[in-house]
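A.B. asks: Got a structure here, written out as structure tokens. Questions coming.
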Amino acid sequence: MSPQTETKARVGFKAGVKDYRLTYYTPDYQPKDTDILAAFRMTPQPGVPPEEAGAAVAAESSTGTWTTVWTDGLTSLDRYKGRCYDIEPVPGEENQYIAYIAYPLDLFEEGSVTNLFTSIVGNVFGFKALRALRLEDLRIPPAYVKTFQGPPHGIQVERDKLNKYGRGLLGCTIKPKLGLSAKNYGRAVYECLRGGLDFTKDDENVNSQPFMRWRDRFLFVAEAIYKSQAETGEIKGHYLNATAATAEAMMQRAECAKDLGVPIIMHDYLTGGFTANTSLSHYCRDNGLLLHIHRAMHAVIDRQRNHGITFRVLAKALRLSGGDHLHSGTVVGKLEGEREVTLGFVDLMRDDYIEKDRSRGIYFTQDWVSLPGTMPVASGGIHVWHMPALVEIFGDDACLQFGGGTLGHPWGNAPGAAANRVALEACTQARNEGRDLAREGGDVIRAACKWSPELAAACEVWKEIKFEFETIDTL
């Protein structure tokens, strides 16, 4: 160290433990258009003021550490630090606060969801001053959005590839999800696709197990796709899960799918990781493959009301990283999803511009600056009686996925698929005629049963099935 540097450091440096409020709590700060904004739900430890807790979150997720260090004098902390610029109590909750934090854009690597999450949530959730912490929402500025490719193709390009317009898409997860041989698996795929579905799907934990190696599955499924296309005259697809133990193996599976000429593959983006997902998304765009994304493991992260990361943040991250489909919850069925919150997820996935709306959990206005949209996928315990509600809630730009609601049909897979297709088209036609599906949906389904024995049989089987549990994440 030169004498000049040593003297300067000694003059400006005073050792000691930091009071975060002095540096990182800045209530007069006006966020810039280029700042990344975060809304954290904090539960401070007893005796910790919310201002200190909010400042600590800003510090530990940006430039701060627990003590003063002499190297602070070698850069401009004022330029790079996160700032807690507002704190508000959570109505009806004791000792919970929403802390709003602004991060300068220079803190983040361009086009990297991995770096974004490592910075904002990578370390601060273990901070002792907090009993619990939840990332409620992020505002991604247009300047940062533009550094991402986003979904490989998006909703409109997908419809053009499939030549399917004016209705939602239908899918089905093959069951049992584990244990079938590759040939029997392909047979189940064929029956569903020839019956009227647009897609079938690998379950999220179908990779390359001893009972069915991935290459065998890919070959038999491709045969099923081509055979069903020849019979129906429609383009068909199956979400071939490319998730693997290594990124290299994942890309090998994606390349095999491309060589087979199938239209779509699949990835488990949370268990597989954002870096792998972004690489796969780039490959899919370059090679004309659609990319279906499963959110396996999401409830570990997003289900608790006061700790973790909300799914709206995970959905934004996926739209940046890249995926043409993403499971979003259903509102109806067996898996959790409160209506307004779920619709907030759906809008963030599909729309170009979403206004702030706290009633739906949206803390910031989000401008995606024409980044391609991601199609929401509704799945989990749904059947033909849910179809009117699903069409009314999700509209046309969604994939409605009936697993047991297809394969559980008393006459087999193909009749189960036909029942779902008839129900979807009947509900879509009724909506287009101006009928209120919320009130008349049951009548629409019953009328369609008169000319579809497959639908009538399905309605009889599932007429009493309900999943009535209170949702956890309500606003």
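Just so it is clear, glycine is given a Cβ too, placed from its N, Cα and C backbone atoms.
It should be emphasised that the depicted structure is a prediction, and the values quoted were computed from it without experimental measurement.
Residues or ranges marked as N-acetylproline by Swiss-Prot on the basis of sequence analysis: P3. The N6,N6,N6-trimethyllysine annotation in Swiss-Prot covers K14. Look at Swiss-Prot and you will find N123, T173, K177, R295, H327, S379 tagged as substrate binding site, backed by sequence analysis. Feature annotation from Swiss-Prot assigns active site, proton acceptor to K175, H294. Under the heading Mg(2+) binding site, Swiss-Prot lists K201, D203, E204. Positions annotated as N6-carboxylysine by Swiss-Prot, on the basis of sequence analysis: K201. What Swiss-Prot lists as site 'Transition state stabilizer' is K334.
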A.B. asks: A 10 Å Cβ contact count, applied to the binding-site residues K177, H327: which residue has the minimum?
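C.D. replies: Minimum Cβ neighbour count within 10 Å, taken over the binding-site residues K177, H327, occurs at K177.
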A.B. asks: C-alpha of S379 (substrate binding site) to C-alpha of K175 (active site, proton acceptor): distance in Å?
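C.D. replies: Spelling it out, the Cα of S379 (substrate binding site) and the Cα of K175 (active site, proton acceptor) are 14 Å apart.
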A.B. asks: In angstrom units, rounded to an integer, how far apart are the Cα atoms of K201 (Mg(2+) binding site) and N123 (substrate binding site)?
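C.D. replies: Here the two Cα atoms are 36 Å apart.
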A.B. asks: Any idea what DSSP makes of S379 (substrate binding site), helix, strand or coil?
C.D. replies: strand
A.B. asks: Excluding near sequence neighbours, so keeping only residues 6 or more apart in the same chain, what lies with its CB under 8 A of E204 (Mg(2+) binding site)?
C.D. replies: N241, T243, D268, T271, H294, A296
A.B. asks: Out of K201, H294, R295, which of the recorded positions has the smallest number of neighbouring Cβ atoms within 10 Å?
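C.D. replies: Each of the recorded positions K201, H294, R295 was scored; lowest Cβ tally within 10 Å is R295.
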A.B. asks: Measuring Cα to Cα, tell me the gap between T173 (substrate binding site) and D203 (Mg(2+) binding site) in whole angstrom.
C.D. replies: 6
A.B. asks: My understanding is the cutoff is Cβ-Cβ under 8 Å with a sequence separation of 6 or more in the same chain; which residues meet that for K175 (active site, proton acceptor)?
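C.D. replies: Set apart from K175 (active site, proton acceptor) by at least 6 residues yet with Cβ under 8 Å, we have D203, G403, G404, L407.
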A.B. asks: Cβ distance under 8 Å to N123 (substrate binding site), same chain, sequence separation 6 or more: which residues?
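C.D. replies: Long-range Cβ contacts: E60, S61.
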A.B. asks: According to DSSP, folded down to helix, strand and coil, what is T173 (substrate binding site)?
C.D. replies: strand
